[in-house]
């Protein structure tokens, strides 16, 4: 029998009674949220709305995004990244398992000096991909051109946020490059590796 989403006690400031809320709502109230699945439109919209709401609520207190994701849809991930740059509070990113593909792009989008990896975390970068299997020739060409533009944008962001030269980032993005937490720190994808 599944246990569902655990409930935890919560008391709002100034209220006498404790109410039981699901654990995610409790964590959201502490400005902690999670990307623990493949990136798609739904999770992207949820994270974006949370960041905007919490930044309106208090624009000086940091937000914390914990990441354990295999990646997913590029445009949805870029929307999360753009929102992180747009909101006023710093967004601290914490890799706690795997940040692969577009999830590593989100990880690198955290506030500089506030991008963290757990000691056994893994980070993987590569170029964006698409499937052209059933496309007409004209569609194939248009999609390939769009993919090249997206790759250039992602490369530019990695260069800006890691401090690595463009040739290093371009070379790394030609294939799947997996990094340990310390390798990701040396590469500039994270700023700090937590101690064991």
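One is the number of the first residue shown, and numbering goes on along the chain from there.
Cβ from N, Cα, C; glycine included.
Bear in mind that the values here come from a model prediction, so they are computed numbers and not experimental data.
Per Swiss-Prot, these features apply:
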ACT_SITE  101  active site, nucleophile
ACT_SITE  126  active site
Spacing of the two Cα atoms, residue 126 (active site) and the residue listed as 'active site, nucleophile', in whole angstrom, works out to 6
Same chain, |i - j| six or more, Cβ under 8 Å of the residue listed as 'active site, nucleophile'; the result in sequence order is 70, 71, 72, 77, 124, 125, 126
Other C-beta atoms within 10 angstroms of the C-beta of the residue listed as 'active site' total 18
